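Data block below; observations after.
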Amino acid sequence: MLGSAPGLSGRWERLEPRPRARMLRKVLHAGLRTSFHALGRFVASHPVFFASTPVLLSILLGASFSRYRVEEDVEGMLAPKHSLAKIEGNLVDSLFPVNRSKHALYSDLQTPGRYGRVIVTTRKGSVLDPVHLDTILKLHKRIYQMQVTVPATGVNSYNYSFSYLCLPDDKNVCIIDDIIRAMEEIQSARTSNRSVPILRYPITQLADGRQAYIGHQLGGVQGWGPSGAVRGQGTGARGEGVRSARALQLTYYLQAHGSLMDRVASQWEKAFCAELQHFAALHPKLGLYPSTSSSLRTDFQFSSVLAHRPLMASLGACGVLAVLCCSMRDCVRSKPWLGLLALLSVTLSGLTAAGILNLTGATYNSTYLGIPFVMLGHGLFGSFEMLSSWRRTREDQHVKERVASVFEDVMLRFSGSTMLHLMTLGLAASPLTNMEAVRLFCRTATLSVTISYVYMLSFYSSCLVFTGYLETGYRHGCFCRRVPKPDRLDSKPAWYRCLMYTRYQDEAQTTNPPHEVDHSPAQMPNSNLTLTHAHTHPHTPNNTAAHGHVHVANSTHTHPHPLPLPLAHSTANTDPNPQDSHLLLGCMRRCYGDWITNTYVKPFVVLLYLVYISFGLMGFLQVTQGSDPSALVAMDTATVLYTRAQQRYFSSYSPVIGFYIYESAPYWNASVQRDLLEYAKGFQRISWLESYLNYLSDRNQSTSQPRENFTHTLRHSFLREPQFAHFADDIIFAERGQGEEPDVAASRIFLVAKTTENKREEMSVLLDTLRRLSLTSRVRFLIFNPSFVYLDRYAAAVSSPLRHSLLAVLFLLGLSSLAVMEPLVSVWLGLTLLSVQFGVLGFMTLWGVELDCMSVLCLISALGHSADSSGPLLCGFASGQGDSRTRWVRVALERHGVPSLQTLICYSAALVPVSSVRSNLTRTLFRCLTLTAGCSVLHTLAFLPTLLTFLPPSKSQGQRPEGEGQRQEVECVEMNDSTRVVDQITTV
């Protein structure tokens, strides 16, 4: 072997790692490379089987799309799965169910299974103007009388109206909003020429004496101030008169008990939206914004429908650029079909994963739109790495040996990046994740990446074998017909010669004189290139040909360690015709590598990295959580339009907050009364306790009475008054014993807070404040609003999967550094992942993206994408020994920078059509994935090449051995032969 050559053994030994420190790593590394070499040879020996099996499996599993189901429970998917708000909501439903309310319902507090809701706005004037008021009441009447037929056809069809589906009160009359009763009173007064009753805001008094909160039913209110002055919108005090209002909100609650009633209610919701659309066309002066219980689910899943054509366009654009990236001027060595076959491999793996999900009963949601891009980035990089490694193999080798060399060179790194993908996605898919949408996405993405990896080893590798046989037979890379030799090609037209241009092996031999050595920094070969076995003598290079002690090993033995750089340069397949090489490879070799490692360019790159970190930190400090579900639905849908109208006209007050006292409390105690009144102080409130205490005071009775007197007066006097009868829905009595007054087992009051534009942030602060207060209060209470389900611990639920995935990656890198990779490679890769993640998080915030479940999914996938991009470059740089850092950076860029650049080009082309989808979800997806690709390639092609030129790991310079009289050089001489095989003879 090489050790038999005197002088080379000392140089080779100095390049070997210390055996005691790295023995385990060497053994594992060599064993894995040998295993992948054997796997590559096995795949190359059975290409038909490995090409046909994935196709047949995908077709069989693709037939399972008849079981395709869409996720129905959007709230359970977008809200934290385990939260205190959900427990509190279940307790509230058990104490005060919606069906128990017989007098009034608050549209933003009670959320039954089915409902229809509409916001009515005016283009000009007030909704309380006579013409608009009459129109709104006419709309209410039409909705009330609207009927649906279920089933639509058949003998057993029945007509159902709102009066049959509504929630009835104690008089078996449908519960309607209090603002409707107030408007009917105003209309009746105007019709009979009576004085119009004063409508106060946000709490008004109805004709029966009952006080009603209408802050969530009347919006854009301007009130009368002192001395008749007009107050601004939403600035009125408690109970001031309403001068004008720009918006009105109506809610219609439906019963949905049983499958039949649920189907009827679903049909009624559709008819409700259709009726409003027809009514809006007849009355253009009014703006109608409907919303139903199924609007969020429908609009959330509508993003998938809108993305169908852009995804097809993405696939087409990516395919075109993949073909161009795999093409060369040399028609034989060009591999355009491999670009399309790489996309086909990703498509087949996605089809297989979808079939498995269908067979297992899984459901689909719009967050799955990001999974094809996770597979695309990982699969494209692996395919371009394999193609780059194929072009570095010796052309005189057999196709099986070349494929085995590609597996040995690429698959260890590709398997490592796949493990990073599976670790990040798998941990986020574990029960540790509290966000169901994140868990489902990561579970599906883990399955898809696994299948994509298997198909890359089988389907794409077998396609590489077929194209290799085409190249061996000198067939055109696109048309698959044999390319004629130059003597026959000269008689053809110019366009035909250009189309059929190739370089035959005998041409390459004539262009390289036998003893002409090129010492330029040529393309680095595979680390598994064959070491030539030669017995050299201290003569001139010509003596090499004179002696017969030359033996060339034809890749029957591969060395697991990289060659020293001088030997690497000499054994490299020096390109005699630079114009024949790949365009990007030529640019990287002759232009970009020298430019990025230039001494005068490095300070600017370092400055650019400092600017990158500065802007990333600026955005990181401004990260906001996006707990609003409407930010994940398609644009211009009912949910978005309704949410905008609600934020515009109904943002002056918070949603109605239920203050629930769930244990028996001594309400007759003066100190307890003071505490409860103090808790409600500062809120707009509908409180039975406050009204009852005022009732006692008006009757000159003491508010601090014995329990029996307090409860007796409450039950038999206060609750029997017409204006206070509705408070019976807010109190639960528990029987004590025969002849004793029952206790107040539980009760509730309603609170409304004054808010500003940052409504959700203020609600989150209010929730935390009242919860802390409940821990120290003598009265056991809880607060609840349906929006708390999204707010409660949302930041922790969203960020925990990302945090766990990042820790898992760092742990995996640390573990692999002990066995497989160089420790410094793990350190550099971990720092690169942190830097990319930090930059993506900061820049997406500056781009207007909030931290919601979709952006977190993109951040989790960014870990694997950045590892795909930067990992091979770091491994290639760290594996080299000898010579300078700059030289090895250029070699690493040439070998691994080009696949990264090709992946970026195709990946960016696939993302561009997604930006045209009118959806908030796809907009977040596009921005986050664009930043991920940009930050990853910026680190791979700019930051890392610059930093590695002056930061560890160091490159040991070869010292001249003692007693060595002259500098020894290794050169590779090509010998002409009549056969196609080119013998490489190493001389010293």
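Along the chain as shown, the residues are counted starting at 1.
Just so you know, glycine gets a Cβ as well, placed from its N, Cα and C.
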Ranges in play 127-148, 369-390, 765-786, with TrEMBL marking transmembrane segment at 369-390
Quick check: do the transmembrane segment (337-357) and the transmembrane segment (827-849) share at least 3 Cβ pairs under 8 Å, counting only pairs 6+ apart in sequence? no
Test of understanding: applying the rule of at least three C-beta pairs under 8 Å (pairs 6 or more apart in sequence), is the transmembrane segment (802-821) touching the transmembrane segment (452-472)? no
Summarise the domain 'SSD' (328-466) as counts of helix, strand and coil residues per DSSP. 111 helix, 2 strand, 26 coil
Here the stretch out of 306-325, 604-623, 802-821 with the most C-beta pairs under 8 Å to the transmembrane segment (410-432) is 802-821
Distal contacts, the transmembrane segment (604-623) - CB-CB under 8 A, six or more residues away: 596, 835, 838-839, 841-846, 851, 938, 942-943, 946-947
